[in-house]
Amino acid sequence: MEEPMEVDNKRPKVLTWTEKYRPKTLDDIAYQDEVVTMLKGALQGRDLPHLLFYGPPGTGKTSAALAFCRQLFPKNIFHDRVLDLNASDERGIAVVRQKIQSFSKSSLGHSHREDVLKLKIIILDEVDAMTREAQAAMRRVIEDFSKTTRFILICNYVSRLIPPVVSRCAKFRFKSLPAEIQVQRLRTICDAEGTPMSDDELKQVMEYSEGDLRRAVCTLQSLAPILKSGDDNARNCYLRGSSDSLLISNVCKSILTADVPQIIALTKDITKSCTGVAFIRRCFQQLMDEDVINDENIGVMGKLVATCEKRILDGCDLENNLLDFLLTLRETIQ
C-alpha cells in the first residue's frame, strides 16, 4: 500500500503581482480623487449610497471598492459583511437568487465596536456582463434590502446597464491613468522585485497594455524572469510586442510620399520590429492625433483597422496584411 504523499503546508503563498501590489487603503488609489473623497466621507460616518464605478479597465475600480471595505470593517467580520462576486462568471438570474439574495437576507454579524457601520456590502464586478433579466432581479433586491445592504457595482460600460439599476446608484467615473502615474507605479514594482528596466522599456510595456495598469503589471511579471536572466536577445524580442515608436513615426511621416516599393520595404521593417496588431492600432492613433485623417475618413479607417486586426488574429499572413493596410491607408488619406 502506498504511503500518502506529504503536503508542505509551510510553503509560502505565491501571489500574482496584481494582487501583491493591489492598493490596500484608499490613500493608495491613484488619480481618482473624487471617488476617494466620497469613500473617506463614508468612513467618517456620512451616508453611504449604492455606488456604481465605471470606466476603462485597470483604473482601480475593484481596488477602490476592496480598500474601502477593508477600512470599513475589522478583519474578524470582513467576510461576514462583504460579498465579492464577478458577474462575468455567472451572468444569469441564478446568481441573484442564490448568492446575492441569500447574502442580503442573512443577519448582520456582531461586532464589539460601536463605530462599525451596521451594513453589509455586495461588490459586484463586471456587472455589465449580466443579462437584462438578472439586472432586473438585482434591482428588486437593491430595493428590498436597502436598510441592511449596500451595493458597489463595477463595470466598464455603463450603457449596458438597465436604467432602473443606474438610477439607484451614485455614479463615479474612473479616469484613465496618465502615462507618468503608470510608469511611476511600474517603477515602484520593479524596484521592489529587483527587476532592471529603463523608463523607456516601462513606457513600451505601458503602451502595449493600452492604459490598463493591471495588464501592464501582468506583462511586467511575465517579463521579469527574462530581464533577470540578462539575455538581451530575449529581452528585445519580448519588448517588440509593444511597437517601436520611432518606426511608427517614420511610417506616419512617409506614408503620403512613399511609392509602392518603399511601402513594401517599410512593411518588411515593421514585420521584423513590431507585432502587427500593436502597430496597426498605434499607427492609426498617431495619425488621428496629428489630424492626418479627416472626419470623413475616420469611419473608413476604423473599418480598415478592424478588418486587418481580425485577419492577423485569425492567422492570415502578417506581411501581406500590413502591406494591404499601408496601401489602403495611403489611398484613403491622399
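First residue shown is number 1, and so on along the chain.
Glycine residues also receive a Cβ, built from the backbone N, Cα and C atoms like all the rest.
What you see is a predicted model, and the numbers here were worked out from it, not measured in a lab.
Some features that Swiss-Prot has for this protein:
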- Gly55, Pro56, Pro57, Gly58, Thr59, Gly60, Lys61, Thr62: ATP binding site (BINDING)
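Features recorded in Swiss-Prot, as mapped to the structure shown.
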{"residue": "Gly55", "record": "ATP binding site", "contacts (Cβ under 8 Å, 6+ apart)": "Lys61, Asn156, Arg173, Phe174, Lys175, Ser176"}
{"residue": "Pro56", "record": "ATP binding site", "contacts (Cβ under 8 Å, 6+ apart)": "Asn156, Phe174, Ser176, Gly211, Asp212"}
{"residue": "Pro57", "record": "ATP binding site", "contacts (Cβ under 8 Å, 6+ apart)": "Asn156, Asp212, Arg214, Arg215"}
{"residue": "Gly58", "record": "ATP binding site", "contacts (Cβ under 8 Å, 6+ apart)": "Leu177, Ser209, Gly211, Asp212, Leu213, Arg214, Arg215, Ala216"}
{"residue": "Thr59", "record": "ATP binding site", "contacts (Cβ under 8 Å, 6+ apart)": "Tyr31, Gln32, Phe174, Lys175, Ser176, Leu177, Leu213"}
{"residue": "Gly60", "record": "ATP binding site", "contacts (Cβ under 8 Å, 6+ apart)": "Pro23, Ile29, Ala30, Tyr31, Gln32, Phe174, Leu177, Leu213"}
{"residue": "Thr62", "record": "ATP binding site", "contacts (Cβ under 8 Å, 6+ apart)": "Ile123, Asp125, Ile154"}
Quiz item: Which of the three DSSP-derived classes (helix, strand, coil) applies to Lys61 (ATP binding site)?
Solution: helix
Quiz item: For ATP, what surrounds Gly55, Pro56, Pro57, Gly58, Thr59, Gly60, Lys61, Thr62 with a Cβ no more than 8 Å from their Cβ centroid?
Solution: Phe53, Asn156, Phe174, Asp212, Leu213, Arg214
Quiz item: In which DSSP state, out of helix, strand and coil, do we find Gly55 (ATP binding site)?
Solution: coil
Practice problem: For Lys61 (ATP binding site), list the number of other Cβ atoms lying within 10 Å of its Cβ atom. | Solution: 28
